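Record features, source TrEMBL:
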COMPBIAS  247-256  compositional bias 'Polar residues'
DOMAIN    290-376  domain 'PI-PLC Y-box'
DOMAIN    378-507  domain 'C2'
REGION    195-256  region 'Disordered'
Amino acid sequence: MEEVARRRHNHIGLTEHQSCALTLDDFFHYLLSDDLNQAIKTQVHHDMTAPLPHYFIYTGHNSYLTGNQISSDCSDVPIIKALLTGVRVIELDIWPNSTKDDIQVIHGRTLTTPVTLIKCLRSIREYAFIASPYPVIITLEDHLTPDLQAKVAEMVTQTFGDMLYYPESGCLEEFPSPESLKYKIIISTKPPKEDVEAKRIKGKENSSPRERDICEESSQKEVSDLLAELEAAERESESYEYEENSTSDGRSGQSETPKYKLLITIQAGKPKGGLKNALRVGSNKIRRLSLSEQALEKAAASHGTDLVRFTQKNVLRIYPKGTRVNSSNYKPMLGWMHGAQMVAFNMQGYGKSLWLMHGMFRCNGGCGYIKKPDFLMKKGPCREVFNPKATLPVKTILKVGVYMGDGWSLDFSPTHFDTYSPPDFYTKIHIVGVPADNTKRKTKIINNNWFPVWDEAFIFSLTVPELALLRIEVREHDRSEKDDFGGQTCLPVSELRPGIRSVPLFDKKGEKYKSVRLLMEFEFL
């Protein structure tokens with residue numbers, strides 16, 4: 001507290017003798033300081049020595065897009081922004097350029113404008129480890145011919161050098177840990193297909209509507225046609241099937257791509273035989289399986305425990321359906337409940353689902369890797385695993401106090417909320433988790449006050465507190481129109497620090513307000 005007084009009094013120019021006295025203003029400053037009185041833990045504190053499948057990983061989808069999925073620009077700027085916010089999985093769609101002699105990153109069968117692959121790789125190298133030292137995984141959606149795959153291998157090895165990790169043996173029986181992969185880049189994609197399949201792809205590429213001239217023609221199509229093509233492209237890129245006993249160690253297939261194969265640390269694709277076979281665990285091979293949000297919903301309904309068992313050793317990636325052309329997102333909790341490590345989101349959008357993603361990955365110091373709860377990794381004596389549909393007893397009771405708010409008068413104009421009077425604020429509190437834990441409450445409305453004092457408390461019974469998120473939103477009541485937005489945040493319940501805490505709020509896009517914050521209390525009963 002003495003340090004609080006000294007810092008505050010130095011700021012207003014008091015002498016050293018005067019600065020030793022702690023005033024009521026100093027104490028109030030301490031309570032509302034999110035630097036000194038944080039609501040959640042701010043350091044990496046999870047065990048980081050387990051294999052990668054033991055972690056939820058902060059994952060982007062179409063990381064190169066600056067806006068919507070159909071007509072926005074492709075750029076390295078959103079990749080840089082994602083890395084600086086702690087995202088650890090960057091997705092790049094790679095295609096031949098118009099002259100077939102170089103690689104560009106672009107969203108297939110759309111009107112998006114391309115960016116070169118080498119520019120994206122160089123930006124990843126420069127910004128990968130500023131926000132977090134833990135590994136960055138590049139997932140490639142590969143639409144290349146063998147000669148261009150060889151060129152990608154050359155680009156990747158020359159750009160990343162010793163930063164690039166790949167197994168010397170060409171095949172892993174268990175994934176390494178985030179701790180052992182600090183400051184490393186990892187490649188994940190489907191292995192190259194054999195010569196016949198490669199020729200088929202090349203022929204298809206030569207007539208692909210990805211070419212700019214054909215894209216211009218496609219601008220005359222109905223949006224529904226574009227959406228259908230997007231959905232088909234997503235299914236095609238993720239549906240590569242292989243025989244379980246096939247080799248993919250880089251020593252077979254066409255001569256131009258063995259090095260490319262060797263660089264793939266996390267192999268994507270699914271075995272032949274449908275979802276049940278794709279989720280089968282037992283062989284020594286480990287892999288990444290991708291499911292769309294709709295496919296996840298179907299799989300969760302019929303193969304919930306199989307999903308959990310699969311994710312104990314393998315990697316499951318969930319991606320948005322192709323019709324989310326405005327870069328919106330889906331509800332992430334279903335994937336996390338089933339152990340999915342890579343719940344891929346459009347980071348360039350915004351909305352309540354993305355707020356939940358931001359909140360989840362405030363866990364563990366914001367390093368981009370969260371150790372999955374033990375119950376998702378355990379097996380019983382008969383190899384039984386966690387059943388996401390099971391009815392569970394209450395494990396924790398959380399008491400949330402909402403005392404007061406401050407800062408709107410500094411960050412907003414006097415007439416932002418109401419032209420002729422001060423705002424009428426209230427706070428909404430949501431628990432987002434497993435279905436049994438989902439609930440919401442709200443405070444009373446405080447009329448005509450820039451500094452609302454609610455002094456209310458709410459009790460929440462939680463069956464799975466390890467996955468629960470506390471979503472907080474302040475609204476300004478409007479009698480004649482829709483209530484105005486006054487700030488939001490999302491906090492992982494498992495990371496809450498008991499006591500009276502400062503809770504800074506963010507705007508709709510997830511940018512932190514300079515001054516707006518709540519004073520809240522958290523207590524586990």
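Count begins at 1; order follows the chain as displayed.
Quick reminder: no glycine exception, Cβ is built from N, Cα and C everywhere.
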- For the domain 'PI-PLC Y-box' (290-376), the number of residues DSSP places in helix, strand and coil: 39 helix, 14 strand, 34 coil
- Note on the structure: For the domain 'C2' (378-507), the DSSP helix/strand/coil residue counts are 10 helix, 60 strand, 60 coil
- Note on the structure: When pLDDT is averaged across the domain 'PI-PLC Y-box' (290-376), the result is 96
